[in-house]
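Remarks on the structure that follows.
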Amino acid sequence: MSRKPLIAGNWKMNLNHFEAIALVQKIAFSLPDKYFDKVDVTVIPPFTDLRSVQTLVDGDKLRLTYGAQDVSQHDSGAYTGEISGAFLAKLGCTFAVVGHSERRTYHNEDDALVAAKAAAAFKHGLTPIICIGEHLDVREAGNHVEYNVNQLRGSLAGLSAEQIGQAVIAYEPVWAIGTGRVASAADAQEVCKAIRDELGNLASPELAAGVRVLYGGSVNAKNVGEIVGQADVDGALVGGASLDGEQFSMLSAIAAGGPLP
């Protein structure tokens, strides 16, 4: 099954809403419409930027989409600081990232919570980008495939086969995030294939064949082509490089098969 590549730019805690507008305008200017026929491009800004991004995307009829960096497992109520999927849907979000390693590490989020957040995203019409990935000690011990498969199972617990078939999975080895270290294309393919095989067990091979599995971890315009060229890697969750409109547009164009804009 042919899967359209997805390039998702995770801005993390960077850029106020004025800077967000400037960056989206830069991406839109640098990446002509023709590329969007071959690659889906989305930005994942901080919550405070979403309304500004929505206004720009809707007003200029841009083809890029946007999403949120997290979503609450709760619909509404006395949950100070939480953001409901219903709010994100009203803002026109397409995606919600859940289970990013920084949420798992700094906010003690476990697989059960990640699965609950993924379910909440689906409930409100959002597509969850479900993140998994191993630490360096697991990689060096040679247990990375088993670790990621187990984390995948836990992070999808309770979802229906149809929901699993509609999710996006992002493999981000923790040791490669923001470090400049990048898993080789072969390393990325090894884990992403194991992810797809397990999705086949959890849902069905037919549904698994349609799931987009992304790689994340120090992705840039120099390495994205080889990574996305792997059989089971369908795009990238991009961190630092997504804050540079020119570089983000370039790597999106590369994922689309070129030529460079």
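Note: Cβ is positioned from N, Cα and C throughout, glycine not excepted.
Among the candidates SER52, SER155, SER204, SER218, the residue that Swiss-Prot names alongside ASN10, TRP11, LYS12, GLY178, GLY239, GLY240 for the substrate site is SER218. Close to LYS12 (substrate binding site) in the fold, though at least 6 residues off in sequence, lie PRO46, GLN69, GLU102, GLY239, each with a CB less than 8 Å from its CB. Taking the mean position of the Cβ atoms of ASN10, TRP11, LYS12, GLY178, SER218, GLY239, GLY240 as the substrate site, the remaining residues of that chain whose Cβ falls within 8 Å of it are ILE177, VAL238, ALA241, SER242, LEU243. In the three-state DSSP scheme, GLY240 (substrate binding site) is classed as helix.
The two recorded residues, GLY178 (substrate binding site) and GLU172 (active site, proton acceptor), have Cα atoms 11 Å apart.
Cα to Cα, GLU172 (active site, proton acceptor) and HIS100 (active site, electrophile) are separated by 8 Å. For the binding-site residues ASN10, SER218, counting C-beta atoms within 10 A of each C-beta gives the highest total at ASN10.
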